[in-house]
Ligand SMILES: Nc1ncnc2c1ncn2[C@@H]1O[C@H](COP(=O)(O)OP(=O)(O)O)[C@@H](O)[C@H]1O
Ligand SMILES: N[C@@H](CCC(=O)OP(=O)(O)O)C(=O)O
């Protein structure tokens with residue numbers, strides 16, 4: 001590895017205040033006990049190592065379904081949704097039992113946080129989650145987050161914990177996300193199928209070429225495979241969060257990563273504020289605003305907010321304070337933002353605009369600069 005690539009790892013370690021550690025099912029699964037206590041013991045030691053450096057840690061842990069499947073003797077057969085939910089319910093308590101036992105010798109208190117997508121798409125629920133996690137961290141607790149699989153359905157779920165770990169990182173303003181898997185980072189192709197696959201220690205930018213290296217293949221227990229980890233890294237890098245992947249079953253994985261193991265997906269830009277991350281990546285837009293040329297120029301070149309006079313039309317029904325997509329005249333999404341007025345009022349102003357009537361007063365504010373995310377601009 002080049003020396004500047006190594007330097008970025010030590011800089012990340014010395015500047016990180018909050019780290020999210022994502023632990024995959026493949027890392028924790030044990031055919032006999034449901035949860036591998038040796039591995040959990042190593043994870044507890046690694047968290048204690050980080051905490052001794054003043055780094056706050058949030059864990060996003062998979063493994064509930066795999067542990068429940070083993071405890072209930074379900075074997076490897078495909079499960080119905082209800083059986084998966086039942087397995088998750090049994091496995092989640094097994095998982096937390098394991099975390100309690102492994103962390104208590106280090107005098108570290110753990111807590112359980114189970115989430116569904118409904119807990120994050122609305123701003124009020126997202127800030128509620130932000131407050132809970134912040135309070136737990138301030139109390140010195142190590143929160144252990146998982147998807148609430150026993151109520152999650154195929155339609156309403158995060159899908160995989162790689163995506164969830166990025167969301168949690170955005171919520172707690174983490175400076176680094178480290179993903180523990182059963183493989184030592186990204187390879188030129190799936191190492192479980194190709195013995196000649198070469199490890200890639202450093203990714204400066206996730207391009208489509210990088211994405212194509214990670215096939216859809218995954219281990220028998222994991223959900224998203226390497227593809228969902230690379231996608232997570234691409235997202236997270238866009239808001240300034242660097243991401244690492246390292247094998248969680250070998251040695252002391254966190255220390256090994258900072259000594260040069262696994263893959264680092266570097267992020268050059270400054271970390272966004274949690275609110276911007278939520279607007280850009282986790283909110284569910286309730287409508288769209290189509291902008292004219294002048295408005296596009298004003299918001300993308302300067303520090304201007306969007307005024308109602310720059311909107312040619314809107315779609316959807318929304319209240320004031322909801323997130324909307326900002327589209328160019330050709331329908332290209334240029335960004336997202338919180339609209340300060342309901343759709344009924346937007347309609348009023350766009351009618352005035354199209355009738356050529358110029359407002360005697362200045363046009364009112366539609367989307368404030370501070371609650372707006374612009375893609376091209378942010379990608380620079
Ligand atoms: N290019 C690649 N580099 C590394 N691993 C890959 C690649 N393509 C596919 N994989 C697979 O991704 C798996 C890890 O993802 P997954 O099974 O979802 O684990 P986890 O439980 O850690 O989320 C590896 O075991 C490996 O077989
Ligand atoms: N929430 C699920 C895991 C989902 C998941 O993404 O698994 P993995 O790919 O192993 O991180 C569980 O606890 O079983």
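Here the Cβ of each residue, glycine as well, is placed from N, Cα and C on the backbone.
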Legend entry - Matching residue for the substrate site, where TrEMBL names 62, 161 - out of 73, 149: 149
Legend entry - Distance in Å spanning the most remote Cα pair of 62, 149, 161, given for substrate: 11
Legend entry - residue 161 (substrate binding site) versus residue 226 (ATP binding site) - Cα distance in angstrom: 12
Legend entry - Of 22, 62, 149, 182, 224, 228, binding-site residues neighbouring ligand 2, Cβ under 6 A: 62, 149, 224
Legend entry - Euclidean distance between Cα atoms of residue 182 (ATP binding site) and residue 149 (substrate binding site), Å: 22
Inset, instruction - Check the binding-site residues 22, 149, 161 for any whose Cβ is under 6 angstroms from an atom of ligand 1, and report them in sequence order. - result: none
